[in-house]
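Swiss-Prot lists SER53, HIS92, ASP139 with the feature active site, charge relay system. Per Swiss-Prot, the feature region 'Disordered' maps to 102-134. Under the heading region 'C-terminal short (CTS) helix', Swiss-Prot lists 183-194. Positions annotated as topological domain 'Cytoplasmic' by Swiss-Prot, on the basis of sequence analysis: 1-14. Summarising the annotation, Swiss-Prot assigns topological domain 'Lumenal' to 34-197 and lists sequence analysis as the type of evidence. Swiss-Prot lists 15-33 with the feature transmembrane segment, giving sequence analysis as the kind of evidence.
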Amino acid sequence: MLSSLAPYMANPRQTLTQVLNFALVLSTAFMLWKGLSVITNSTSPIVVVLSGSMEPAFQRGDLLFLWNRSPRVDVGEIVVYNVRGKDIPIVHRVMRSFPELPGREDKKNVKKGGEEGEETSSTPSQKLLTKGDNNMADDTELYAQGQEYLDRKEDIVGSVRGYVPTVGYVTILLSEHPWLRSVLLGFMGLMVVLQRE
């Protein structure tokens, strides 16, 4: 097996160039993702619909484009949120909005300089109740234990601004079958390294 790699090891400069080209492709993709995150103000500017809870609006496997620059979310808007303590994005529609009363302050326990204290924020945060279009009940059962609504600033990843149907099935297949991901990455890496210019 090692004898088949001998022609590639004979010219280490070409092999190094190919490895660096592969690293350049990966770093460019990473920079594009981070740039898109900054532009949209979202940690995940592109997500895939993982369930059928939003049918008929979105099907499982649809690729969604998010925007998180709006200070408020309107009732009827479709948002993506993360449940506290879990890293699974959920795509559902806002059913109700509970704005904070003017002049009321949010209080959080914050450690400052090693001491625990209370920090007040004069910027009110919008509270939201969501529901999947294809679900019978609202999402209070999906929220973290003791959570009755979503916090606009803490829980919302972004609002849906566009989508491409069924393209996300590749992501679903790769997450449901980890061996397929390894095979695909190995194949791509092998093709880059073995490619001759």
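Think of each number as a place in line: the chain as shown, counted from 1.
Yeah, the Cβs are placed from backbone N, Cα and C, and that goes for glycine too.
Projection of Swiss-Prot feature records onto the structure.
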residue	record	Cβ neighbours (10 Å)
SER53	active site, charge relay system	20
HIS92	active site, charge relay system	23
ASP139	active site, charge relay system	22
Checklist entry - Going by DSSP, how much of the region 'C-terminal short (CTS) helix' (183-194) is helix, how much is strand and how much is coil, in residues? => result 12 helix, 0 strand, 0 coil
Next on the checklist: With DSSP assignments reduced to helix, strand and coil, which class does ASP139 (active site, charge relay system) get?
Outcome noted: helix
Checklist entry - Roughly how many Å separate the Cα of SER53 (active site, charge relay system) from that of HIS92 (active site, charge relay system), to the nearest whole number? => result 8
Checklist entry - Roughly how many Å separate the Cα of ASP139 (active site, charge relay system) from that of HIS92 (active site, charge relay system), to the nearest whole number? => result 9
Item to check | Segment-level pLDDT (mean, integer) for the region 'C-terminal short (CTS) helix' (183-194) | outcome: 80
